[in-house]
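Working notes for the structure below.
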Amino acid sequence: MEGGFHETGKTDFTDCWRTIWKTPYIMRLALSAGIGGLLFGYDTGVISGALLYIKENFDEVEKKTWLQETIVSMAVAGAIIGAALGGWMNDAFGRRKSILCADIVFFLGAVVMAIAPVPWVILIGRILVGLGVGMASMTSPLYISEASPARIRGALVSTNGLLITGGQFLSYLINLAFTKAPGTWRWMLGVAGVPAIVQFILMLSLPESPRWLYRQGKVDEARTILEKIYPADEVESEMKALNDSIEAEKAEEGEIGEGFVTRLKGALKNKIVRRGLYAGVAVQVAQQFVGINTVMYYSPTIVQLAGFASNRTALALSLITSGLNFVGTMISMGFVDRYGRRRFMLVSLVGIISCLTALSAVFFLAASHAPPVGSFESTHFSRNTTCPAYITASNAQSWNCMTCLKAECGFCASKGNEFHTGACLASGGDIKSACHGESRTWYSEGCPNKVGILAVALLGLYIISYAPGMGTVPWIVNSEIYPLKYRGTGGGVAAVANWSSNLVVSETFLTLTKALGSAATFLLFAGFSILGFVAIYSLVPETKGLTLEEVGKLLEEGFKPKLFKSFCSKKKRKEGKENQASTSV
């Protein structure tokens, strides 16, 4: 969702396979760096399952929604800082050292989380892991791109995107594997340190990016690396291409300035770049405000909101979302060049809006048919265990499971039939254990209902609608929409917009579900998705098959969608007729 993605096609993958078969060193290099994408994906996925068990371990986390959101979103906040640091470190110390540094920080974060005695220590670990993720998200694709043969670069960089979604799927499998282990969430979060160690060891035996070395004046070292990547008869031409590219880059830096602020001011003064930024930022913000990271970060929680009380069941069903995300990414790689970027995003948004609206209806239906709370059931254990708000409520006879959960209490379902009258009990580990002790089911996130499986199916449809379009295409658009000399500046602004939107969504989701209810929250995201559709339809031109010069010309003239063009042409014809009539008079 937050990492870059470079377009590629079937021919690229065929050529890629032939090339790496002849030169395995290239794949070793790409996969070693690509572990950064795996770490990225693992971290964004693992917290969704670990959070279920962190809440069980710490009553403070269970009772404070904002603390749960902060544990999730601190990694995003750290990633924003890490991405900025990664950009600076890439230029100052090189790509390889930046990856090594990211591994160290990530490993420290994983260890801190695994041994955390209190929630605030988990927050420190999440920030450290986020720093590592942000640095890796900037550096891994860049290293692969600069150390790969040009003709298969797109395919190799795409492996980083695949490893991100693969890492998310792996995290759900790991979460499921440790549900019965002592320490549960500590293992889930701590295992993330293993791939960081593996990457660190592998990167020690790999070279620096030849492009960075050449720019630092280490021409002979750059040549030595290129000789391992290219056939002997291509090395000289690649050295010349590298020299020309870096000379052109230095000339552009002299023209637009070296500081980011200076470049940004120049970009905003340029009409073409400014319009490109409108489009690039619009797709990145829309990507996050369709609510994707509410699903990726809180998927098991959403499954529990749908009425599945068991942590293990919630994790197992959440595998569907991460698996479909991986499949959807592969679909995009095969079809986006055939059908176009703009159309793919708009069709994707139609599917997203439909699924979110249907999800809202399902959650509304589940809430309205929640099992009632019974007075006898609620005082069955002892009066001290009954929900305090239920005892003092004047309308206690009208309470149901949802009313009970909104009062921050738990619902203990009837023995043998969870859809009948149940007990509303105070939250707490001992009371929950007493409920389980009578072979009853404890609900603290959602209520038992008969439509929960439909909500899970709609989550799957939502993901398969999102992944091929809004999941990958915004990054492709941002790689094509800016003039070459402003590509780094434009891409950086768009990436910050993406991470910042991610932070807002992840930090507010649980608060929204608590304040508005699940149904209204998903309907709100459907509304944001409609706004995203309007913005993309109005601001984003089709860049498929266009050169950078053609894209620039399109933006210079001012992009207008067909609907607006039709309206403008009708208006001009009407004005023409009126002018003609007045002239005749």
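The backbone N, Cα and C atoms fix where each Cβ goes, glycine too.
As recorded in TrEMBL:
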TRANSMEM  29-54  transmembrane segment
DOMAIN    29-544  domain 'Major facilitator superfamily (MFS) profile'
TRANSMEM  66-88  transmembrane segment
TRANSMEM  100-118  transmembrane segment
TRANSMEM  124-144  transmembrane segment
TRANSMEM  156-178  transmembrane segment
TRANSMEM  184-206  transmembrane segment
TRANSMEM  277-298  transmembrane segment
TRANSMEM  313-332  transmembrane segment
TRANSMEM  344-367  transmembrane segment
TRANSMEM  451-477  transmembrane segment
TRANSMEM  519-540  transmembrane segment
- Looking only at the domain 'Major facilitator superfamily (MFS) profile' (29-544), what is the mean pLDDT? 85
- Item | CB contact flag for the transmembrane segment (313-332) and the transmembrane segment (156-178), at least three pairs under 8 A | yes
- Sequence-remote contacts (6 or more beyond its ends) of the transmembrane segment (124-144), Cβ cut-off under 8 Å? 2-4, 6, 29-30, 33-37, 39-40, 43-44, 47, 71-72, 74-87, 89-90, 95-96, 98-99, 101-114, 116, 153, 156-157, 159-160, 189, 192, 196, 209, 499
- Per Cβ pairs under 8 Å, the stretch of 156-178, 184-206, 519-540 packing most closely against the transmembrane segment (29-54): 156-178
- Cβ contacts under 8 Å made by the transmembrane segment (277-298) with residues that lie 6+ beyond its boundaries: 1, 44-45, 47-48, 51, 72, 168, 267-268, 321-322, 325, 345, 349, 352, 356, 459, 462-463, 466, 470-471, 473-474, 477-478, 481-482, 490-491, 493-495, 497-498, 501-502, 504-506, 509-510, 522, 525, 528-529, 531-532, 535-536, 539-541, 559
- Short question: which residues 6 or more past the ends of the transmembrane segment (519-540) have a Cβ under 8 Å from it? 275, 278-279, 282-283, 285-286, 289-291, 294, 341-342, 345-346, 349-350, 352-353, 356-357, 359-361, 363-364, 367, 477, 509, 512-513, 559, 561, 563-564
